[in-house]
Amino acid sequence: MNYYEVAILKSPQENLTYQSLDEIENGTKVFISLRNRKNLIEAVVVKKVEEPTFKCSDIGEITSFFYSTEMLEIATFISQYYVCSFGEAISLYIPFNKEIKINEEQQLFDSKIVLSKEQEKAFEFYLQKKQFLLFANTGSGKTEIYIKAIEKVLNANANAILLMPEISLTPQMENRLEKVFGNSVAIWHSKVTKKRKEQILEGIYTGNIKVVAGARSALFLPFKNLKLIVVDEEHDESYKSDSKPRYNAKDLSIYIAKKYNLNLILGSATASIGSFHKLPFIRLKKTYFDTSKRVYFDNSSQELSVAIIDKISTTLSRGNQVIVFLPTRANFKYQICTSCGKSVECPYCSVSMSLHKNDLALKCHYCGYTQKIPDSCPSCGNGIIHNLRVGTAEVEERLKEFFPQKIVKRFDRDEIKTDNKLKSVLNEFNSNKIDILVGTQMLSKGHDYHNVKLAVVLGIDSVLNMNSYKSRERALSLLIQIAGRSGRKGEGEVIVQTQNEEFFDYYINSSDYEEFLKSELEFREGLYPPYLKMAKIIFAHANGLKVKDELDRYVKLLKQNGNIEVVGFGQSPIFKLANKYRYEIIIRSSNIKELLKVLHSIKSTMVTIDMDTNF
Ligand SMILES: [Zn+2]
Ligand SMILES: [Zn+2]
């Protein structure tokens, strides 16, 4: 008899021991039954073990599917780093299939792309470094470099993955890739039909599909000879999964590339601080089209001010299109000084505090510190701290009133729910059937708007004043990304409504994003990532008293541990969610091993752990 440790797919349970007369290879997918129950469930053989002292059940069925050694290794890392079971981690992967024959026929691709001098330099840098950050302004031609790199890998009979934020997987990108790679490329994201996914998998198994452009789950496809991972818009926070396992596909790509010596390109116009800190980079500044851009600031506190309406009106009268950006789809409140535009910071965490409940209090979600809204602004001494509210629906209505003859449409998650809807709105907009597009972050992600001559940015101060150590990075990067959408061909204008003109103006007009990243790194040193690791421990339960007790118990326990620091604890920003009361503890440490040890020691069923959380 043989004995095996098996992990149950998608289960938080620890691994179990089963027996079989067969010799089973590690990584094989099998079926087992739990505690004499009839129905069979999916599991994976992790390793062969000695005969245990207890009685084992038989493995039910052995399949032809298997997870490679690399998959098992990476899943082990995921379960340790992102604190989940091995069964949950390995379930991210789609296994290989032994039964399908591989088409070994070599195929050669010729993209016919001629790189510019600047691009050529970046490509040389890539060949030399193997793993790098392509820190490239919008329109400077990142995509050509990606395609060249993919072409080279495919012509060496290997595979490549191009990761993009789900929303950037546009028909435009699809067409570009298909032009070069034909049927060898496939697009993979959550809205792809089940049937199409099966076809793609079949293509990957046979080797006919050699490259996939996809959302974060594409990282777990069964490629036989993966040699290149490209992460486009690498600053995008949607690479972090918000359900278990709470991995970050970008960070995981860096880990995988380093461990297996793969090629890696992280691309962004607004590189994330983490990647800027970790990887060698090259700047591409020249824009591909000859664009000249003008950025104006409007410091009125009224949402659609006279200056903004004037600008929109002029742009429309010339037959051009306008995009209007707002940071959140719903109504969102934030605090700001009427006079200087600053917000009240937490004295312990150096981040803006958020408004709380009755609006009379300010609260820091990191450390739980709460204070009354001060009578006058602590920064300038004479302004008043007040609440502002922003929302796409309201702005859309107002614009319709101002411009009754024009077509105004909304572009956010409430409006755009399907892939077809996304395609149709983008098509309408690009064929001039819409005059003004009002939207959220969705507007900023990778779409090409041919005829936009004005980008209006509202409510950016709400991002800047968010209760997060990332708020400056988020606000500036968003603004630059949106500005990049205006005037991609020819002249473009941007009008930014802000009471923090000095900050934005400096990094947009006088200095640049690289300078910003350097100064931000200084601010974070000793306090925040990438210098320290931070994790959030979320407690949730339907019984509010029980969960509060559990929180208190862990706060006490964690505070006794000298290797980590309890930054703060308290109610979650959304206290009651799906009928459960929620609390959280935030901890940090410069010692990753100790931090993980602590996180793994938490055995409470009420707890979810969020490593490298997007605060
Ligand atoms: Zn002030
Ligand atoms: Zn604080």
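The backbone N, Cα and C atoms fix where each Cβ goes, glycine too.
Residues or ranges marked as Zn(2+) 1 binding site by TrEMBL: Cys337, Cys340, Cys377, Cys380. Annotation source TrEMBL lists Zn(2+) 2 binding site at Cys346, Cys349, Cys364, Cys367. If you look up TrEMBL, you'll see 123-289 marked as domain 'Helicase ATP-binding'. If you look up TrEMBL, you'll see 372-535 marked as domain 'Helicase C-terminal'.
Features as recorded by TrEMBL, highlighted on the structure.
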residue : record                : Cβ contacts under 8 Å, 6 or more apart
Cys337  : Zn(2+) 1 binding site : Ser343, Cys377, Ser379, Cys380, Gly383, Ile384, Ile385, Gln499
Cys340  : Zn(2+) 1 binding site : Cys377, Ser379, Cys380, Gly383, Gln499
Cys346  : Zn(2+) 2 binding site : Ser352, Met353, Cys364, Tyr366, Cys367, Tyr369, Asn467
Cys349  : Zn(2+) 2 binding site : Cys364, Tyr366, Cys367, Tyr369, Tyr469, Val567, Gly568
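The Cβ centroid of Cys337, Cys340, Cys377, Cys380 marks the Zn(2+) 1 site; residues of that chain outside this set whose Cβ lies within 8 Å of it are Thr338, Ser339, Gly341, Lys342, Ser376, Pro378, Ser379, Gly381, Asn382, Gly383, Ile385, given in sequence order.
A coil conformation is recorded for Cys380 (Zn(2+) 1 binding site) in the three-state DSSP classification, outside any helix or strand. The record gives Cys346, Cys349, Cys364, Cys367 for Zn(2+) 2. Within 8 Å of the mean position of their Cβ atoms, the other Cβ atoms in that chain belong to Pro347, Tyr348, Ser350, Val351, Met353, His365, Tyr366, Gly368, Tyr369, Asn467, Val567, Gly568. Summary for the binding-site residues Cys364, Cys367, Cys377, Cys380: the Cβ-based neighbour count within 10 Å is maximal at Cys364.
Proximity to ligand 1 at the level of Cβ atoms, with a cut-off under 6 angstroms, picks out Cys337, Cys377 from the binding-site residues Cys337, Cys346, Cys349, Cys364, Cys367, Cys377.
For ligand 2, there are no nearby binding-site residues; that is, of Cys337, Cys340, Cys377, Cys380, none has a C-beta under 6 Å from one of its atoms. In the three-state DSSP scheme, Cys340 (Zn(2+) 1 binding site) falls into the coil class.
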